[in-house]
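This report refers to the structure that appears directly beneath it.
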Amino acid sequence: MEEEGHKSLTSHLPQSSSSLSQSREIAKEFTSNIPPPTIKTNSSSSNILKPRLSLQNEVNQLKPAKFPSKMLPPGSLASVKSSSLAKKARPFTASSNPRMPKSAHPISSRSVSASSHFGRPASAVSSSLNSSDDVRSMSDESMESYNDEKSVNASALRTTEDRLRSMEMAYAQLSAKVIPSPSKRPANYKFYEQRIAMLEESLEVERSRTSELQEQFSVALREKAEAEANKIVSQKGMESLEIMLNSMKSENHQRMAMLEENHARVMETAELQHQAELQDFASNIEQKANSLIMEYKNELQSAEEHFSHKIKELTSENELKISRLQEEKDSLLKKVQEGASLAMQRVQNKHDLEKKRLQSAIQPLQEENNSLKQQIEQLQRELASETVVKENLKSSLDQQSANVQKLESTNRALESTIKTLEEDVYTMKNKIIELEGILKSANVERDGLVEKLIAEETLRRKLHNTIQELKGNIRVFCRVRPPLGDGESAQIAFPDQNSEASTIEIVAQAPGSSLTGNGIKQYAFNFDRVFSPETTNEDVFNELSQLIQSAMDGYNVCIFAYGQTGSGKTHTMSSNTGMIPSSVRMIYNRSTSLKERGWEYRMEGQFLEIYNETIIDLLASGNEEEKGKKKLEIYHDTKAGRTTITNITSEPLDTPEQVTWLLDQASKNRSVAATNANEHSSRSHSVFMLHLNGSNSTTGETCRSTLNLIDLAGSERLSSSQSVGERLKETQAINKSLSCLGDVIHALGSGKEGTYIPYRNSKLTNLLQYSLGGNSKTLMFVNISPLKQHVPETLCSLRFATKVNNTQIGTARKVTK
């Protein structure tokens, strides 16, 4: 049986003499054509594919000794199967059933007693153990066959691995040599460059496909060996299990029949013996009683005969004697009856004790009989379950056989594909050799272009700053709000709208003229740019974007919107398309593109308002009491030229979407109130401070700047707003800070060295000290209303903007760390 199982196992295992020898011949033929690898590396050619320093990860994936987490080696699977079968084949040992203690096992303990009592040996245990030993021996033989096959597969996989390593190192050798020179750049350079990229990508794909095919081949071999080993082990296990169950079943039937027969025989013998003993005892008692009665009767008769002849003589004396004897007779009879009843009672007690003893002896036999019946039922259920398992194993085995056949066909197709791929790799190697000179020159030219690009970026920053200085470090843009149908429109003209719009004309009634139309006067104002009502925020930001670039180059930039309430300042600065979100989006996009040139930027945002000369953090969390405990004060670092505010919330800006959240949070916390000019008038100056920190890892350059985007409160005069109470106090504080802003700008434009600049006259100018002076670039938006009723305030705003536009401040300096 063992020899036949071994032959069937070895016949079902995959034979590698043909397929693996063919793989070895293909590997030897291919590796003989690959020269020894000589790797050349070039630190500047970062885009050229380099050989992998270690193939340990791929080797570990290809080694058949390491199995997937969900698949056991055939040996281990066979051992598990055999051990489980052995456990099922040893039902007479206490260890096979963990729920039953060794001393109380029904079969192991009582089979011996039954055999000793009835003279019948229990031989099924040794036969079942021999069957399990046969299963284990077949499992060991299947493992030896599988280990031989595994060593052959491992050698084939190592050959394939060495072949792949040689291909990669040869390709790396050729790729490292491909460094073209700029003097020999051919006309079709771009075509070859694209072709090389395609070849590199194709080679990488084929390499991954080869690795996957090798891994699939190894897994297929393992699964096939496992399936065959499991099939043989399952067959042998099922056969031994069936033999064991049949023997156990027949033995149990024989034992049950024997026990029932012996039990009936014992019961019958005990009953007969008991009846015989009772009959003997009763007959003995009766004989003794009869003998005693006869003795007494004989004595009485003899006495009567002895004294009868004296009765007549001694009548009186005999009567007395007769009465005495009669009493003695009665007492003797009473004693005899009492002795007989006591003897009967003793016999009955002895009978009861014997009956109880027999019943106690019968009860274990009945319990043993019931236990044997339960064991038979359990064995029948196990036999049924094992039959189901057998059927499942048969179906699984058929499925595994079909899968093995599919894998064999797939393996053959993969071997042909590998051969084709090897030929393609050889062809690609020749093509790479042809393109070696082109790649070498292209790489050198690329390095030169990178250096040139870095130099041009530095030059661009200088030229950009020069252009901005020529335009003026303080500039003024005028923007007219589009009419919203809320009143009569004023006469506003844009004479040079078709060219670089820089002039705005307003027709209004001159002061002191009559209402008949006499004294109409035309007012003209010139600024750096003038935007008509049709201009969108995107168009405005296109003009503004150059200053945002200056902020990224390391210059402090201050942009603020000035104008009366309702002139469109908040829409210009804080709407979804306003200057604040557009500026942040531009910085993000620009910083992403500058990463190729070595620049990295970090951004932090702060949002505050100045209300009645008090700084309020618009991003602070908590209730009003907690916010009031934080004291916000302005500190200036003279050496670094930097302004900081204590206890203010600073939010790192990692995405442009965070700016939208900042604007929403600030809008909820900003102070607004209804006035005569606007139902929702901003009663404070809002300041968005964006701190930029840039560094270039290639050149070692660093820059730091602050971008201030300010939405000033309404600039209408007290005579126009007619504010009272709390609104009056707010208007006075707003006008004071705006007046101080004009004084600072005027002092900066005086040009006299040592001139006192009144920064500390207001919180606004004190905060913007390093963003308004010669170390910065300033842009003022003057927003005006298109309504006729607002013309006086419009003229006042335009005159203030003209003063600012006529101011010249010093040259801005770049802030470095």
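The backbone N, Cα and C atoms fix where each Cβ goes, and this holds for glycine too.
What Swiss-Prot lists as compositional bias 'Low complexity' is 8-23 (among others).
Marked as compositional bias 'Polar residues' by Swiss-Prot: 39-60 (among others).
Residues or ranges marked as compositional bias 'Low complexity' in Swiss-Prot: 76-86 (among others).
If you look up Swiss-Prot, you'll see 106-116 (among others) marked as compositional bias 'Polar residues'.
The annotation compositional bias 'Low complexity' is assigned in Swiss-Prot to 122-132 (among others).
The local packing around T570 (ATP binding site), expressed as other Cβ atoms within 10 Å of its Cβ over all shown chains, amounts to 20. What Swiss-Prot lists as ATP binding site is N473, R475, R479, E543, G566, S567, G568, K569, T570, T778.
According to Swiss-Prot, the domain 'Kinesin motor' annotation covers 473-807, on the basis of sequence analysis.
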Inset, instruction - Restricting attention to the domain 'Kinesin motor' (473-807), give the mean pLDDT. - result: 84
Legend entry - List of residues, in chain order, with Cβ under 8 A from that of G568 (ATP binding site) and at least 6 apart: R479, R481, N783
Inset, instruction - Please state whether DSSP places T570 (ATP binding site) in a helix, a strand or coil. - result: helix
